[in-house]
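Now, the feature entries from TrEMBL:
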- 15-320: domain 'Isocitrate dehydrogenase kinase/phosphatase (AceK) regulatory' (DOMAIN)
- 321-590: domain 'Isocitrate dehydrogenase kinase/phosphatase (AceK) kinase' (DOMAIN)
- Ala326, Pro327, Gly328, Ile329, Lys330, Gly331, Leu332, Lys347: ATP binding site (BINDING)
- Asp382: active site (ACT_SITE)
Amino acid sequence: MFPQRLDAPQAYAIAQALMHGFNLHYRMFSAEAARAKHRFESMDWQGQQRAQRERIAFYDLQVRACIQRLEEEFEASQQSMAVWQQVKLHYIGLMVDHLQPELAETFFNSVTTKILHRTHFHNDFIFVRAAVSTEYLENTEPGAIPTYRAYYPGSREHLEDTLQTLFEQLQLACPFEDLARDVHLLADRMRHKLASLTLRPNFQIQVLSSLFYRNKGAYLVGKIITGYTELPLAIPILHGSRGQLILHAALFGEDDLHALFSFARAYFMVHMDVPSAYVSFLHRLMPRKPPTEIYNALGLAKQGKTLFYRDFLHHLRHSSDQLRIAPGIKGLVMLVFDLPSFPYVFKLIKDRIASSKEITRSQVKDKYQLVKRHDRGGRMADTLEYSLVAFPRSRFSSELLAELQAHAPEQIEISDRDGDGQEEVIISHLYIERRLVPLNLFLMECLAEADTKPERRAAMEKAIVEYGNAIKDLVATNIFPGDMLWKNFGVTRGGKVVFYDYDEIEYLTDCNFRDVPLPRNEEEEMSGDIWYPVGPRDVFPETFGPFLLGHPAVRDIFMRHHADLLEADFWRSHQNRIRDGQMLDVFPYERSHFLHAGETGLATQT
Ligand SMILES: Nc1ncnc2c1ncn2[C@@H]1O[C@H](COP(=O)(O)OP(=O)(O)OP(=O)(O)O)[C@@H](O)[C@H]1O
């Protein structure tokens, strides 16, 4: 029932305290993004990575601080539901003209769902759906930076002048090595892309005003428009070998941007007054990427989670298929299920983990946390972590329900908790991750037809090369995957291979890569067992082969491209590099996009 009058005296003050809590949070978030520019300029890459990691914890800290304040000042949990309903209405009032209303709503939900009882988690009290529109939101204060800027080159020949102005207006404190040279190379690439298009009167380049910072790079993101064509565009800016700036590559088109904004990479730091305007600009560039994933990529993971859950509930209402055990080899640690019509998997840690795994539940959680905070280098799938997720009981296949009851009885509750006559399966802790095609299944499908269909053989070769590349990219970011079996990797829509089994992951520098010792006598030589002592962190790369390379066709391709992975020296040399403080470059784009043909090196050390 909608209250006719807002007459509870404490409701307005509670709403204000909530809004104050959110504003404080967003100020901290923005300040960190502003500092990212300085860290980039001063090549403080370790600092940039540290800040990327630490920022993830900001939100929960601020939510906890706000709950504490509400309890201390207003005895929040003692307030009646009539008061809480008015709190929400006042809060809506406070969001008029607010520049981040969607985030403010999510913050309200995060706080109030920790105070109110579950039965009140509906639109009267929390924001189950958004109440405030973000369309056409702009910061109109004098001196405010617009979300994006438009540049009008007029003709193909004048691209250089326009680009020169555009990069100068970024006002980076560090000089370019040779901006005129780079702008010319970039303009040439653009002319090539525009060759088949007629330039219409609306020909322009639009770029988001803030740069996107991550690891060692800053990325300019925008699009070229002519007529009805909109060509997405991203330009990575890096430090050259002399420490000055260079335009490193030119990325064009939706697929290139997908690779840059991949769920398998760390989140960007971007200074945004109006994040929803950034999200809608980016969504236009990448219509296949749902806003939930764009918010995640911008470091606004809570908003990503909120939108994901809304999308999922909406999808459930408009589909009828059954949740099932995910295809592939079942895990010893994780129980994984999916809904065929929905492109994500749901993973929970089993109540009892097979003893062969020597890992506890909390260690598994730590490993997933490690991945969340680490630079995923395009090779480890991001996970969203949820607690108390309810699914309709009627949507479970009987095998899946039996599996849950057998392996996770302590984590599921089957009840009608909302009292609406519909039974739900409530799972206490869950990870949600993009669904990929497990690499073992992918290879099996290819192998079945490799002799008769050359395209299948080519796909198999590409996947095996990609698998090795994935491991090498992980190594570059100081990650040893632990369990390198094919089944622990998946293939993305774009054909990239990504790792998703984290329970045996270690920092590369924590492992001890050893050569298999030579047998000292005949008895040792003939022994079928491991006769030499093995420490807990010891790894013997020579022994990977028998597990991975049973099939001759697979072995042949692997050995041609990645034989070095079977040598302890390969792993040790990377350990040494990392210990020396050198960060290897893992580019989120192919070499073919580089603007310089190798003559311009990059800075490697701070
Ligand atoms: N993101 C994903 N997309 C598609 N399938 C997945 C995904 N994650 C997991 N799976 C499926 O679930 C299975 C088990 O997942 P996972 O490897 O994470 O569990 P685990 O218990 O850690 O495995 P292991 O026993 O190797 O340690 C995988 O082999 C795969 O078939």
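Positions of Cβ are set from backbone N, Cα and C atoms, glycine also.
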Legend entry - binding-site residues listed as Pro327, Gly328, Gly331, least Cβ neighbours within 10 Å: Pro327
Legend entry - Lys330 (ATP binding site) to Asp382 (active site) - Cα separation in whole Å: 20
Inset, instruction - Pop the Cα-Cα gap between Pro327 (ATP binding site) and Asp382 (active site) into the table, whole Å please. - result: 20
Legend entry - Entry from the binding-site residues list Lys330, Lys347 having the most other CB atoms no farther than 10 A: Lys347
Legend entry - In three-state DSSP terms, the structure that Pro327 (ATP binding site) belongs to: coil
Inset, instruction - Look at the binding-site residues Ala326, Ile329, Leu332 and tell me which residue has the greatest number of other C-beta atoms within 10 angstroms of its C-beta. - result: Ala326
Inset, instruction - Let me know the DSSP-derived helix, strand or coil state of Lys347 (ATP binding site), please. - result: strand
Inset, instruction - Would you mind giving the whole-number mean pLDDT across the domain 'Isocitrate dehydrogenase kinase/phosphatase (AceK) kinase' (321-590)? - result: 92
Legend entry - Number of Cβ atoms other than its own within 10 Å, given for Asp382 (active site): 24
